[in-house]
Amino acid sequence: MVPPLDLGSLVDSDEEDNFSQTARGTVHVHLNPPRSEPALGWVLPCQRPNSQHRLQEVEQDVIPEDLPAPTGKYRLKYQQYASEMKDGYKQYIQRSTEKPKAASRPEATEKVEGASLDDLMTLDRKALLQQGYADSPYGRQSITRKSDVETVAIEKKKQTVAEQMMMDHLSRAVISDPEQDLNTKNQESSRVPPDSERAPLRVRRRTLHETKIRTNSALTENDLSQKVEFDGRVLSRNGRDACRELIGFFFAHDQSLTVYEYRMFGKNRTSVLPFIKKDIYHHQCGRRKGKQYELGDVYTGATLTFLSCDQPSLPKTIKENALLRLRITNIDQVALNSLKAASAEHGEEEAVSPEAHDQLVLQAIQDKLKEQLHKKGARILTGLGRYFQGLDKEGNGLLEKADFQQALKTFHLEVSEQDFESFWLILQGYGHSKNKVDYGEFKRAIFGEMNEYRKSFVRKAFMQLDFNKTGIVSVIDIRKCYCAKKHPRVISGHSTEEEIKSSFLETLKGTCSKCDEVSYGEFEDYYEGLSIGVAGDEDFVNILRIPWRI
């Protein structure tokens, strides 16, 4: 309770003596406001806005009977005080209303509308909550047990594919080799005069003594055993194609290669189908365009390019693009070292050195951008994917140089003009079109990408969510499968499971093209951005392994 303020002694100095003689026993006032309406309003302890009649009665009770009227000097001081308070209050209200407006101005341009600076910072903080799993303790015994089971399943899968490959190439009889018909045609052309009509069918038939015991394309088990086995994946934003399980073989005896796809229907039924037929292939882009693939071109992280029109077994979604890009994710290093030691290759360093120089240029640009993306990588990379998808009107993934320059400005990513020109020349050499570049290749080249070990867990997490193998996952399924029980903030009691789950879904949905579903490309971009801020591979794997229970 505020003690009563006695204003009876506030009089002019000239009248102080006269006022001191006034009987103070009659003064039972708490506050006596002036007759004029005050600027800020006087609020009495008993005043209520909904009872005006009661207010008048209270005012009449507290007015002293013999209080002298204020002098002109006192009235002037009061008016000055009231005007100063009124002006100060107006300035305070004006400042408080201007601060939220300044904070709510959008930072990005037309493609990043509707997000204020505070909102963007909030989304970044919520995305960084996922990095808490990196420090979460996880049972080593459980990890070892699961990895052992997974290793056995992978070895069994590779053995099945290798057996099918051997059967396909050894079961074909030499007598039915197409090369036998070529020999017959050459013999016919030497027998039949040029001016005569085409020889009858009986002449064109191949007899037994004209059949070769072995053709150039005939293979033996010894030839097929000199091989390097590798795992691969399709570089595509189409989730169904990106998650295909591919196993390839590079044969040292003729520098040829083939790729098979391992399919699983349900829990027990499997199928092994040829994906890329066995043949000798050449680079389709880059500094080595037109040169034949060699043993030195096969390593973890290498990208193999093929013309999609030359592969009859490819699905329609892949044939829509002129080039098929295949990334080697894992390789049999023991077999690779053995074949390299057996075949002393020459000139390999000279062939690789220009590409190594290109990698150094790209690495320098990537290091500069990673500093800018350290805290906000998830939001920017997913936002860029959505931005490029909106510009891709034809649906082939190809964009022009001006589109990429505008994208960097839109997302406030600083790249010098000299660095961008060097980067663009390198990227054009790796593309199939002259003036346009695939925006997926652009992102991989300018920002870099996580290593294949990390990427394998991203694919595992998405494949676990994609029950129907469509390449698209609904937000409802993500909410059902995401588990936040082992998040450090949940264990310590600072957050609930629902809060961690909601923050993850909010940051993921905020940058997706559709609010109720997430594509593989968007899912990959999200974790690609998180990967920038995580140094250790095992720490990043925990971010995926713990909530998705991989």
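Any Cβ shown, glycine's included, is placed from N, Cα and C.
Some features that Swiss-Prot has for this protein:
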{"type": "REGION", "residues": "1-20", "note": "region 'Disordered'"}
{"type": "REGION", "residues": "175-198", "note": "region 'Disordered'"}
{"type": "COMPBIAS", "residues": "181-190", "note": "compositional bias 'Polar residues'"}
{"type": "DOMAIN", "residues": "379-414", "note": "domain 'EF-hand 1'"}
{"type": "DOMAIN", "residues": "415-452", "note": "domain 'EF-hand 2'"}
{"type": "DOMAIN", "residues": "453-488", "note": "domain 'EF-hand 3'"}
{"type": "BINDING", "residues": "D466, N468, T470, D477", "note": "Ca(2+) binding site"}
Handout entry: Beyond the site residues D466, N468, T470, D477: chain residues whose C-beta lies within 8 Å of the centroid, for Ca(2+)
Key = L465, F467, K469, G471, I472, V473, S474
Practice task
Report, as numbers and ranges, which residues of the same chain sit near the domain 'EF-hand 1' (379-414): CB under 8 Å and 6 or more residues beyond its ends.
Solution key: 107-109, 111-112, 120, 123-124, 127, 237, 320-321, 368-369, 372-373, 420, 424, 433, 435-440, 442-443, 447, 507-508, 510-513, 521-522, 525-526, 528-529
Problem - Which same-chain residues, if any, lie at least 6 apart from T470 (Ca(2+) binding site) yet have Cβ under 8 Å of it - result: G239, R240
Problem - Spatial neighbours of the domain 'EF-hand 2' (415-452) far in sequence, C-beta under 8 Å, 6+ residues away - result: 235-237, 284-287, 289, 300-301, 322-323, 327, 329-330, 358, 361-366, 368-370, 373, 381, 384-385, 388, 391-392, 397-401, 404-405, 408, 458, 527-528, 531, 537, 540
Completion exercise
Densest Cβ environment (other Cβ within 10 Å) across the binding-site residues D466, D477 belongs to D466
Completion exercise
Long-range Cβ list for N468 (Ca(2+) binding site), cut-off under 8 Å, min separation 6+ in sequence, same chain only, gives none
Problem - Per DSSP, three-state class assigned to D477 (Ca(2+) binding site) - result: helix
Exercise for the section: Sort T470 (Ca(2+) binding site) into helix, strand or coil using the DSSP assignment. Expected result: coil
Practice task
Work out, from DSSP, the number of helix, strand and coil residues along the domain 'EF-hand 2' (415-452).
Solution key: 24 helix, 3 strand, 11 coil
Handout entry: pLDDT averaged over every residue in the domain 'EF-hand 3' (453-488)
Key = 91
